[in-house]
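Novice: I'd like to ask some things about the structure below.
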Amino acid sequence: MKILKFGGTSVGSAARIKGLLDIVNPSERQIVVLSAVAGTTNALVEISQAYLVGKKDEAKQLIKQHKDKYESLIKELFTTDQGYKNGKDLIDYHFDFIGSLSNEHFTPIEEKVVLAQGELISTALFHFHLNEIGVPSVLLPALDFMKIDEDNEPMVSYIGEKLNALLAKYPDNTLFITQGFICRNSFGEIDNLRRGGSDYTASLIGAAIQADEVQIWTDIDGMHNNDPRVVKNTTPIAHLSFNEAAELAYFGAKILHPQSVFPAQKYNVPVRVLNTMDPKAAGTLISKDGAQKGIIRAIAAKDNITAIHIHSSRMLLAYGFLRKVFEIFERYKTPIDMITTSEVAVSLSIDDTTHLADIIKEVEDFGTVSADENQTIVCVVGDFGQNTHGYAARVLDAVKHLPIRMISYGGSDYNVSILMDSEYKTEALRSLHNRLF
Ligand code: ADP
Ligand code: ASP
Ligand code: MG
């Protein structure tokens, strides 16, 4: 079984939805995971924001605008009266439902329900399209098997059990379709895997049912060696290790959801990143043996980082100090990305600032604390193992004209990370690119 995930642009128009069959071979056993049509989730976020602040008229207008786009899409997608009727009933149902929420008390719970509509629509449209042209397919509701626990962690064994049971009901079918991004939480409510989460869905499904391969079909020819939105002349990387790809995704390479490599890595399912607009391009293979000795592979950057500096003379020659500090972050379920220490001070970085004020208040018991927002982690991935030398110097040399806040080296064999003020990110990415590649 293969898992093929198509992102928003890959299902972004009637022509693209029809074009999926150039890539999907209906006679091969596969699960096709779809994102919402490009722009839809952003629109649903806007509608929810309007509802949350009580701007019902604005929400209504946004709903109308967005529904109009789908009206044009279905006119182009379906060629028979019945096909068109299926499409029309579908979008009427979903947009009427979103509209009906204007009468409800709108909370973040309703917001998640609204955000789920995009994937529910795109998968049903593809399924109806396949029906219309006589290609058999089964639509598997992700809300029946994708689940996260009380810590928002996906429940891989549960997903595997439920999904295998569903698949077993259709022994003669080969083509299955399901929604990316959406899931249920521990209360059974509709939830999601965070923005860009369809990649994560594909990898979780691949891991849960031990698929042969996960394919991430997107709008670019693989994982590039730097952010193509910021730097010119980036190039695709043919083969990466799970560790390298996980590091790049976690540290900001938008092409993959930050968590999406971990499930595939844990269950050793190879991931290919491929281009829907150029299906013959080689793309990127991510697998166990993808690392290359002695070279720097790629650069990524993660924004919206907050740096926290704790200065405490109590740290001098003391043990147990860091544990006490880490326990505070643990209690507030706030992951730490980078950390550096000296005799009397520790600096660390976080990206989830939900509990920042509480954390600072508690850490202040240990010493003087300061926090700086608008920081960026620039992450360079490659062979930084103990047997290599000179690479860290090359990285630092490339950013020597920029003020840097923290450096992390030696945490793993394949990454050097640098924290800096976000205003220097573009220059850092360009300078590193020019000097390292
Ligand atoms: P999808 O909708 O298919 O999930 P995304 O927009 O989430 O697509 O991801 C693809 C985009 O990621 C590319 O168009 C590119 O602009 C951006 N991107 C950022 N960093 C990288 C990188 N290192 N390699 C390739 N693409 C990247
Ligand atoms: N549609 C969702 C989003 O835009 C999930 C995804 O595209 O991966 O974030
Ligand atoms: Mg994406």
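Using the three backbone atoms N, Cα and C, a Cβ is placed for every residue, glycine included.
Bear in mind that the values here come from a model prediction, so they are computed numbers and not experimental data.
From TrEMBL, here are the annotated features:
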- K5, F6, G7, G8, T218, D219, R229: ATP binding site (BINDING)
- T41, E119: substrate binding site (BINDING)
- 2-275: domain 'Aspartate/glutamate/uridylate kinase' (DOMAIN)
- 378-435: domain 'Aspartokinase ACT' (DOMAIN)
Novice: Among K5, F6, G8, D219, please name the binding-site residues whose Cβ is nearer than 6 Å to ligand 1.
Specialist: G8, D219
Novice: At 10 angstroms around each C-beta, which of the binding-site residues K5, R229 has the fewest other C-beta atoms nearby?
Specialist: R229
Novice: List those of the binding-site residues K5, G8, T41, T218 whose Cβ lies under 6 Å from any atom of ligand 2, in sequence order, or write none if there are none.
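Specialist: What lies within reach of ligand 2, judged by Cβ under 6 Å, is G8, T41.
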Novice: Over all pairs within K5, F6, G7, G8, T218, D219, R229, the annotated ATP binders, what is the largest Cα to Cα distance, rounded to whole Å?
Specialist: 22
Novice: Looking at the binding-site residues K5, T218, D219, R229, which ones sit with their CA no more than 10 Å from the CA of E119 (substrate binding site)?
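Specialist: The binding-site residues close to E119 (substrate binding site) (Cα within 10 Å) - there are none.
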Novice: Looking only at C-alpha atoms, tell me how far F6 (ATP binding site) is from T41 (substrate binding site), rounded to the nearest Å.
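Specialist: Here the two Cα atoms are 15 Å apart.
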Novice: For the domain 'Aspartokinase ACT' (378-435), how many residues does DSSP put in helix, in strand and in coil?
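Specialist: Counting residues by DSSP class gives 22 helix, 16 strand, 20 coil.
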Novice: Could you list the residues of the same chain, at least six apart in sequence, whose Cβ is under 8 A from the Cβ of T218 (ATP binding site)?
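Specialist: Once residues fewer than 6 apart are set aside, T218 (ATP binding site) is near G7, T9, S10, I255, V273, L274, N275, T276.
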Novice: Select the most exposed residue of E119, D219, where exposure means the fewest other Cβ atoms within 10 Å, treating these as the binding-site residues.
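Specialist: Output over binding-site residues E119, D219: least Cβ neighbours within 10 Å is D219.
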Novice: 10 Å Cβ neighbour count around T41 (substrate binding site)?
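Specialist: Excluding its own Cβ, T41 (substrate binding site) sees 24 Cβ atoms within 10 Å.
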Novice: How many whole Å apart are the CA atoms of G8 (ATP binding site) and T41 (substrate binding site)?
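Specialist: One finds 9 Å between the Cα atoms of these residues.
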